[in-house]
Amino acid sequence: MAVRSRRPWMSVALGLVLGFTAASWLIAPRVAELSERKRRGSSLCSYYGRSAAGPRAGAQQPLPQPQSRPRQEQSPPPARQDLQGPPLPEAAPGITSFRSSPWQQPPPLQQRRRGREPEGATGLPGAPAAEGEPEEEDGGAAGQRRDGRPGSSHNGSGDGGAAAPSARPRDFLYVGVMTAQKYLGSRALAAQRTWARFIPGRVEFFSSQQPPNAGQPPPPLPVIALPGVDDSYPPQKKSFMMIKYMHDHYLDKYEWFMRADDDVYIKGDKLEEFLRSLNSSKPLYLGQTGLGNIEELGKLGLEPGENFCMGGPGMIFSREVLRRMVPHIGECLREMYTTHEDVEVGRCVRRFGGTQCVWSYEMQQLFHENYEHNRKGYIQDLHNSKIHAAITLHPNKRPAYQYRLHNYMLSRKISELRYRTIQLHRESALMSKLSNTEVSKEDQQLGVIPSFNHFQPRERNEVIEWEFLTGKLLYSAAENQPPRQSLSSILRTALDDTVLQVMEMINENAKSRGRLIDFKEIQYGYRRVNPMHGVEYILDLLLLYKRHKGRKLTVPVRRHAYLQQLFSKPFFRETEELDVNSLVESINSETQSFSFISNSLKILSSFQGAKEMGGHNEKKVHILVPLIGRYDIFLRFMENFENMCLIPKQNVKLVIILFSRDSGQDSSKHIELIKGYQNKYPKAEMTLIPMKGEFSRGLGLEMASAQFDNDTLLLFCDVDLIFREDFLQRCRDNTIQGQQVYYPIIFSQYDPKVTNGGNPPTDDYFIFSKKTGFWRDYGYGITCIYKSDLLGAGGFDTSIQGWGLEDVDLYNKVILSGLRPFRSQEVGVVHIFHPVHCDPNLDPKQYKMCLGSKASTFASTMQLAELWLEKHLGVRYNRTLS
């Protein structure tokens, strides 16, 4: 009985064992095979997601079914021109380019496979090669590609199989370039050597069946000679037959098809990224929407709401559009209403493809057509946002400009990569600090956080001076440079790129914020080169704020941008073989740590949040003027003060420190003049502080500043100055309490009797040239400083009597106190010429400085040399040369 009761349980156990054994033999291998296929098919779309991959995204997408083609539409296969020629220098012998962009490294050679691609590599069953085309092999002659045509532009990112998971299918985009026999060696060759190499697919050039020019070797191009087609213009038949060729030979091999001109430039990486976000199984017709010129409106046979894609920037067709449209090309050729091939292609797509060119406004930016005034057939201005945002650029009819544009695009990419290296150095330095490990020397040099305070000067001659600039002019105190000059092309280009990157950072999240900010102009700015770190900018930008969410608003705003272009690691390429051992021995080991300094590409980075300048800083400026005698000069100063401050009602206060001798008679006129202005402007703040004894500028300024609180903004001024309103604003902007003191470099006039040849001086004092004056870069008397910073630095040395030296002493104290002196040319102030009288009783050091200042005010070195030659040699020179 016990044995019989166990029989059902033994049967169940035996059945389970047999069932699991059969499942492992029959079912498990099939499941593993299906999982492997699914993994291969989905890995190609992992970057953009399954929804953007079209019919290859998964099994739920039905495969497109080929349509039957009318017999009369079948044309004989076009003749293929095997144009033999030297291989392109960029191509490696026997290796197909696997790069989807020029900066992606190709996979190892062993990852390539012979024959057709395996099923799952593209998401579709492996398609056989086109009729008459041999399968691609690994080995081959230099420049050989598929179909045996030399120089064929069949590019891609990988072919599946053993490729890396990030590899993408090669057969993604087919580009047909329309050209003519006369342009094969110029425009077509330029396109092949520039953008065509970076298309994620194949690029072929379509021309007529005419024989090439006799006596000239054909260029190394993949040329398709269309039968029965010539190079006449307009190329309507050529365009339709090229589209038919794409359909007949590559419909099931590529997802997207593009018709392009030979004078267009295409950014392959941006185009691939854009197209992978769309579904090629849907009928899509992409390009810049066109309606015709103003003269042609109503004459193109377009109904209201109909359009076409302009042929210049390029037309892009999805696979489904070609599947629907091409069987009816014969009917489209017989029923044309205009001579414009792009209009007729658009009409055919709309009629038989079931779609038309997209109406999206953004297409005008992505497919860029150059509408510059007085177009010359090439894109001249490269430093603007339109060039950077575009995918295709048209036209560049001259090959030299095509190479120029390509070189600029490569340089932009190099700059982005170098900036990325700087970011990585910063991250590495930060992680070393967080992990309490030693920071490498390279990270110490290149991973520093941007700042204006990397270099702390210890003496006044170590202070790096700033150059003042406007949108068109540069004011510099550098040796052997004119004080006022136009912006050089190099500096203008650098400013354009700088502003362009600033605007990209400002508008990075413009769509989500519902606003857009446009650049108008540079109001003014400062620039200097820190040889240890990079170029530094302070720019006052005039912008337009446009709000497009909610209540629409457009207002002008100003921003104060603090920027730095950092030096990155230099890269060298030796054109000759060098003896490394002898080279190492000849290099000083002490200079190796500074090898990162070079005149290399600089990358813009924002290291301080842009300070919005919606309204001016209206801090009250307290103008302190020490004075003794010189009533006529004081009268001129007060007239200028009235025009610049009293009439415009500037937020200023004038303090006159009036020194007088024992008699006091020489100060009575000054007091009456001040009282007259006080009566005329009762609300104006003007104060006169009388002082007895010998003149001491430092003592007078120290006594006057002692009457104000610590938050007072002080301007130490001289009676010989003529200034404008903008100088007062820059005094406010460039002085930062506790951080920065503004030391403007003043333009000083020469003796007008010498510069004008005895003629009376002009009324316009603000004329900057080598003939009229010079930048007083050795003067530190004019200062904008807060009272608290003056006290922190130690104040003036009141023991200094007479002329000079007190300003140099205060400047040294400012540096030693840790404050940052801001030095730049100030175009809003001019030091008017006056005869200098040096007292022999002065301190020897002061007396020597006074004589040097007196000698520098006569005239320029060139003018003095001319005067001497005229007097002693009787030779007349042209004074305008200076």
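Note: Cβ is positioned from N, Cα and C throughout, glycine not excepted.
Here is what Swiss-Prot records for this protein:
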type	residues	note
BINDING	Asp720, His834	divalent metal cation binding site
COMPBIAS	59-69	compositional bias 'Low complexity'
COMPBIAS	120-131	compositional bias 'Low complexity'
CARBOHYD	Asn155	N-linked glycosylation site
CARBOHYD	Asn279	N-linked glycosylation site
CARBOHYD	Asn710	N-linked glycosylation site
CARBOHYD	Asn878	N-linked glycosylation site
REGION	46-167	region 'Disordered'
TOPO_DOM	1-7	topological domain 'Cytoplasmic'
TOPO_DOM	29-882	topological domain 'Lumenal'
TRANSMEM	8-28	transmembrane segment
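Mean pLDDT for the topological domain 'Lumenal' (29-882) in the predicted structure: 77. The two recorded residues His834 (divalent metal cation binding site) and Asn710 (N-linked glycosylation site) have their Cα atoms spaced 35 Å from each other.
A simple way to gauge crowding: the CB of Asn710 (N-linked glycosylation site) has 12 other CB atoms within 10 angstroms, across all the protein chains here.
Each of the binding-site residues Asp720, His834 was scored by the other Cβ atoms within 10 Å of its Cβ; the lowest score goes to His834. With a 10 A radius on its CB, Asn279 (N-linked glycosylation site) counts 17 other CB atoms from all the protein chains. For the recorded site, Asn710 (N-linked glycosylation site), the DSSP three-state label reads coil. For the pair Asp720 (divalent metal cation binding site) and Asn710 (N-linked glycosylation site), the C-alpha distance works out to 28 angstrom. When the Cα atoms are compared, Asn279 (N-linked glycosylation site) and Asn710 (N-linked glycosylation site) turn out to be 68 Å apart.
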